[in-house]
Each structure stands twice: as structure tokens, then as C-alpha cells.
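Working notes for the structure below.
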Amino acid sequence: MKNTVSTFLSMKQNGERLTEITSYDYTTAKLVEKAGINAILVGDSLGMTMMGYDTTLPVTMEDMIHHSACVVRACENTMVIMDMPFMSYQASVSEAVRNAGRLMKEARGHAVKLEGGAAVAEQIRAITDSGIPVQAHIGMTPQSVNVFGGFKVQGKGEDAAKRLLEDAFTVQEAGAFSVVLECVPPKLAALISKKLTIPTIGIGAGAGCDGQVLVYQDMLGMNMDFTPKFAKQFDNIGERMVDAFRTYMNEVQNGTFPTEKQSFVKSDCSDEYLAKLDAEF
Ligand code: KIV
């Protein structure tokens, strides 16, 4: 079944939980598609997970287009949502629409995501009006890490909780088809989810959201430096990869790989002819 914005809305209406996960390349996206997850987020987290930056701020439109296009080529049924990178939408509404349009035309995904509440409501409205679905993202928005003074939980305290609820209504009214709630206290996230008609997608925001999103390296145990507290490790693939790389290295070094079985073409030459070549050269 093809996943679209309609799937998001109907699953919310039916009380079914949505699943979303990041991917940044063709191979991983194929595996996610095979698993049947509703949506892939080509997150600007690729700046950290794939490119080794310490924040998402250096990620460019070209990075997002390149990685999103790889993912899109793997997806038949999975909806592909593409992050708008830092400074591709904040400066003006027209720039936001142009850059959202570039992602849709050049990478050919199905929706864009951008960070912020009331501050980017005009951008959400204009992008949606130009025919591009928008997933909003509020709470801990990593592109504002320098304003927050670090990657910190948002919506703590009464004023902050009210502001976050207002932001959620604002992005819904602006036309967003769903909203990511990142690092929001679970009871507040559950309240926002109850109040909105569009689905909430939580990350570090508890089980009361309408769906969940995770960065795939975190949930597979591939992030050897750091795993966020909220990201359950569903496997330990990082260690299994290191073991496999070591086994390969050892087998090459001790001559047990490759064997005859892994050789594509058997020689057409006789042993006598090869011995003749050996003598001649
Ligand atoms: O960039 C990203 O991967 C994200 C998720 C953490 C929601 O924005």
C-alpha cells in the first residue's frame, strides 16, 4: 500500500500508530521499504550521522537533494519526507517556497519537513499552498541548538508548555499534515496529540504521540560514540559490523578468503600453458 499524506490522516483518525525512520541512502531505504514502515525521513541529521559534523547546521541544499534522491529511488510504497536544511527557509517566505520546490523537483520526494512553530507559520502556509505537503517540527529543534544552549528538552515549565501547545495549533492551522515533537515532556506531548487533528510524530516525547520517528543508526546500535537516552537500541549492528570487518581482515591476512568458491571464472588455460607463461616471463 502506497503511503501518502492521506495515510497519515486516516491512521490518526483510526487510532493506528504511524512509523517513520531516517534513511539517507539507497541500500538502507530498500530495507526500510521491505519492512513496511510508513515514511522515511531524509533528516538533516545526515550532517552528523553520515558527514561527521557536530551539528546539523552545515548541511546544504545540495547535500539534501543528493541523499533524498538516493532514498527516493528505493521507495515504491514508503513516503519520503525531506528535511529543509538550516537557512534554506528562515530568511524569507519566497526562498522557502523555492527551496521546497527544488527538493520536490530535483530529489522527487513526497513532502518536506522544517523546524519551528509560529516563527515559520507563513513559510508552512506558502509551501503548502504551492502544492507541497509540510511536516512541521517543534520542541527541541536541532537547527536552533545555539539558541537553546545545547540539545535540551523543551516545553518544561508552564509558560513553555503553553507556548508549545500554541505552536502546535499554529503549524496545524498553517497547513502542516503532521508535526514532529522532539524531546517534549510525555504528558504535554500526549495532550498536544489529543488536541490536534493532524498526527504527532514523537522522538523522545513518550508513547502518547500518534507515531514515532528514530534516527536509524541510534536504534540499530550503529552510533558508537553516543546513543540518545530516548533511542531504544533494537539491535547491536554496529558491533556485528565491526566483528564482520575483523573476520574479513583476518581471513584475507591468513589466506582463508577467497577460496575457489568465491572465484568467478575458472581459467580456460591448461596447467601446462600457465607453467609455460611462468617460465617465459
Ligand atoms: O534530522 C532528523 O533526523 C530529524 C529527526 C530527529 C526528527 O529531524
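Using N, Cα and C of the backbone, Cβ positions are placed for all residues, glycine too.
Listed in TrEMBL:
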- ASP44, SER45, ASP83, LYS113: 3-methyl-2-oxobutanoate binding site (BINDING)
- ASP44, ASP83, GLU115: Mg(2+) binding site (BINDING)
- GLU182: active site, proton acceptor (ACT_SITE)
| request: Measuring Cα to Cα, tell me the gap between GLU115 (Mg(2+) binding site) and the residue listed as 'active site, proton acceptor' in whole angstrom. | output: 10
| task | Please report how many Å separate the Cα atom of ASP83 (3-methyl-2-oxobutanoate binding site) from that of GLU182 (active site, proton acceptor), as a whole number. | result | 15
| field | Pairwise Cα distance for GLU182 (active site, proton acceptor)/SER45 (3-methyl-2-oxobutanoate binding site) [Å, integer] | value | 13
| remark: Same-chain neighbours of the Mg(2+) site, Cβ within 8 Å of the mean position of the Cβ atoms of ASP44, ASP83, GLU115 and not counting those residues, run in sequence order as GLY43, SER45, THR56, VAL59, MET84, PRO85, PHE86, LYS113, LEU114, HIS137, PRO142, GLN143
| In terms of DSSP three-state secondary structure, what is the assignment for SER45 (3-methyl-2-oxobutanoate binding site)? | coil
| query | Which is it, of ASP83, GLU115, GLU182: the one of these recorded positions whose Cβ has the most other Cβ atoms within 10 Å? | reply | ASP83
